[in-house]
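S.K.: Annotations for this protein, taken from TrEMBL, read as follows:
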| type | residues | note |
| --- | --- | --- |
| REGION | 340-362 | region 'Disordered' |
| TRANSMEM | 45-63 | transmembrane segment |
| TRANSMEM | 83-105 | transmembrane segment |
| TRANSMEM | 112-134 | transmembrane segment |
| TRANSMEM | 140-163 | transmembrane segment |
| TRANSMEM | 175-195 | transmembrane segment |
| TRANSMEM | 207-229 | transmembrane segment |
| TRANSMEM | 241-260 | transmembrane segment |
| TRANSMEM | 306-326 | transmembrane segment |
Amino acid sequence: MQTNFLSHQFNTGFLAENSTACPANATICDGTSCVLPEDNFNQTLSVVLSTVLTIMLALVMFSMGCNVELKNFLSHIKRPWGIFVGFLCQFGIMPLTAFLLSLAFNILPIQAVVVLIMGCCPGGTASNVIAYWVDGDMDLSISMTTCSTLLAMGMMPLCLFIYTKMWTDSDAIVLPYDSIGLSLVALVIPVSFGIFVNHKWPSKAKIILKVGSIVGAVLIVLIAVVGGILYKGSWIISPKLWIIGTIFPAAGYSLGFLLARVAGLSWHRCRTVSLETGMQNTQLCSTIVQLSFSPEQLELMFTFPLLYSIFQLLFALLILGGYRLYRRYHIKTKTDVEKTAQKEDPKSSAKINGGFVSDVMK
């Protein structure tokens, strides 16, 4: 007993003398095992970065709007075949793919629900930036993002009701309509200003567009990195979710492109629909998950939206790299032929980065 007492005194004295054994602000100290006060750094960092990223995103969407011509945008609204195809992809292909992947990998019910929530979310704004870099139809891209966000108010509850019945009560899922509404406002207002600037000062709009497209590309990567830092302790999840997180965005891109091509859309619109289909609003998915489930349930699947976000970005960059290589080595050799054809055919209104081509003219 005395030996134990002396040992205890020695340990106590050693800890008192050696401040490196345990930090001074530790609430509990047992040898080298210390319990520190709750650190609010991540919470503060999250608030600050969310504010900064929201402002930056609004500026990027303003610059994207500088590449949209009002008459072409309205043409998509009046003749919404491209928007309709995108609607089928967004709220048809993606929820069904999520459902089939959940069945195929036989994941836990709570994990299946988060995969389905991701599949039912509207398109994300990152797709507009990538669509610009792959010479997509910017008028169609922004109109699809706007319409899918607006229609999500009704389509998300409907899709979740249909597909989650076998795993959970759809009433248990809390849909943050205020977040959806804010996403819509954050998209529509900056884009509207961009369209106005493009209409009034087209030369200045081109400069803003160039700067904004570069900032947008950096912002997309920054969001992925920040997400990895903030949630670095949540990466231990089921290997099945890792596999689904890899397959799901790739399937969205591929099936979106295929359906758009079957529907008879031009190549640059197929690229646009593909990106709008595969790139989901992962921030909205994370919000729904946090509102709907307990901390114990969140441990099983909270990281999935971030996982999907990273892989959707990686595949988007692969698409961008592949297209740029194709354009460099294939299209470049046809430049003179294309210029001659455009001079001979005054009706040809195809335009890189957002040109509207009437389906009648094709």
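Note that Cβ sites are derived from N, Cα and C of the backbone, with glycine treated the same way.
Values in this document were obtained by computation on a predicted structure and should not be read as measured data.
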S.K.: Can you say which of 175-195, 241-260, 306-326 has the most Cβ pairs under 8 Å with the transmembrane segment (140-163)?
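M.R.: The stretch I would name here is 175-195.
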S.K.: Sequence-remote contacts (6 or more beyond its ends) of the transmembrane segment (112-134), Cβ cut-off under 8 Å?
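M.R.: Those are 57, 60-61, 64, 67, 86, 90-91, 94-99, 101-102, 141-142, 144-145, 148-149, 151-152, 155-156, 159-160, 163-164, 167-168, 173, 180, 183, 187, 209, 213, 216-217, 219-220, 223, 241, 244, 248, 271-272, 275-285, 288-289, 301, 304-305, 308, 313, 316, 319-320, 323-324, 353-354, in sequence order.
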